[in-house]
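Quick look at what TrEMBL lists:
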COMPBIAS  1-17  compositional bias 'Basic and acidic residues'
COMPBIAS  24-47  compositional bias 'Basic and acidic residues'
DOMAIN    199-318  domain 'Palmitoyltransferase DHHC'
REGION    1-47  region 'Disordered'
TRANSMEM  89-107  transmembrane segment
TRANSMEM  127-147  transmembrane segment
TRANSMEM  243-267  transmembrane segment
TRANSMEM  279-303  transmembrane segment
Amino acid sequence: RDGRKRAEKCGLRAEKSRRGRTPLRREPKKTGSAPERAEEGGGVRRSLGEERAGGVLGVRAVTGLWRCRPVGRVRKMAISRGLWCCQRILAWIPVLIITLVVLWSYYAYVFELCVFTVQNGFEKAAYLVVFHLFFVMFVWTYCKAIFTVPASPSRKFQLSRADKEKYEREERPEVQKQILLDAAKRLPVYTRTAAGAIRYCDRCQLIKPDRCHHCSICDTCVLKMDHHCPWVNNCIGFSNYKFFLLFLGYSMLYCLFVAATVLRYFIMFWTGGLSDGRAKFHVLFLLFVAVMFFLSLMFLLGYHCWLVSLNRSTLEAFSAPVFQHGADKNGFNLGVWKNLTQVFGPKKKYWLLPIFTSVGDGHSFPMKSQSESHNPLLSNAEHWDEGESDVEYSATTSGATSVTIEMES
């Protein structure tokens with residue numbers, strides 16, 4: 001009881017010290033054995049972090065000693081982690097919906113239509129062969145879009161340990177800017193913020209490469225980020241943009257083939273050409289679902305084909321990238337053919353396969369303007385060498401340039 005009262009008194013003194021900005025006096029260390037100190041009520045121990053937190057929200061006995069614990073902080077962390085887990089689980093609901101619809105469409109088309117309804121053997125075989133071809137490609141590309149990990153910037157774009165410690169210790173903004181400026185001199189960065197500053201992510205603590213953005217859902221920086229798609233529960237970026245386009249294309253062809261082959265039997269059911277049964281309702285809903293998804297996918301695929309032809313991402317379509325000479329929505333536009341090659345690769349035989357063939361490593365991209373081919377942040381003696389990459393980057397400069405650095409998340 002004495003120890004509990006002492007713990008409450010300790011908490012009140014810590015709270016008063018925090019509010020009044022008065023130094024917190026520590027209790028003198030008592031001598032004697034642990035049982036004696038426990039009986040005297042002097043077994044309250046409090047860490048410096050708990051003193052700064054202020055307030056004692058719980059008391060706990062450990063080896064005969066009463067100890068103050070920041071229960072509120074632990075509870076908040078547990079709630080935050082629980083909410084994060086719930087969010088990650090709920091994020092898979094759209095993928096689960098698509099999976100269930102696809103499985104039902106497979107059953108309805110293969111069994112209810114082809115096996116039980118179609119009577120012609122040659123027609124039945126042709127339907128099944130073409131259907132499974134589109135189905136396999138659709139599932140393959142969908143899985144690649146879901147499970148391909150978005151590419152993140154390499155370690156070269158992160159602050160070194162010395163720069164990071166220096167940056168965290170430093171309180172003067174101008175010195176912090178100089179630290180980031182020195183780190184940016186070794187990197188091939190050309191794009192800026194709207195204010196003309198170097199793009200820096202304070203959450204990932206790295207300088208953002210060109211066309212790289214931070215995804216608040218995935219909580220990471222993604223190379224050439226296009227958008228975060230809830231239907232694949234993944235960020236669409238440099239590493240899986242080709243898979244996403246192929247997924248849209250094959251899913252549209254899948255829906256088109258299903259709708260075209262089902263339409264004939266849909267008319268026959270409703271005109272009395274075929275007897276009513278369970279297959280009638282499957283064919284009815286199969287047609288409606290296929291047409292609905294086909295129209296949605298047609299507009300979405302058309303929009304992304306337009307973006308690819310201009311070498312833009314969805315984010316760049318809404319907010320043009322900013323270079324030293326200002327914003328330029330066509331800054332990465334190299335022409336239709338070269339733009340297609342950037343995404344699908346130089347070998348046409350791999351264009352329709354969900355195999356990664358995109359050009360580059362996602363850290364730098366060729367630009368339309370020849371004046372942007374040299375990085376003004378690089379000096380003649382400094383080059384950016386990516387040890388883990390097959391691509392080497394170098395740049396020279398012809399003059400000094402004043403650069404401001406701005407923190408952005």
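Keep in mind that glycine also has a Cβ here, set from the backbone N, Cα and C atoms.
Caution: TrEMBL annotation is automatic and unverified by curators.
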Ranked first among 89-107, 243-267, 279-303 for CB pairs under 8 angstroms with the transmembrane segment (127-147): 243-267
Outside the transmembrane segment (279-303), six or more residues from its ends: residues with CB under 8 Å to it: 101, 105, 108-109, 112-113, 116-117, 245, 248-249, 251-252, 255-256, 258-259, 262-263, 265-266, 269
Tally of residues which DSSP labels helix, strand or coil - the domain 'Palmitoyltransferase DHHC' (199-318): 68 helix, 17 strand, 35 coil
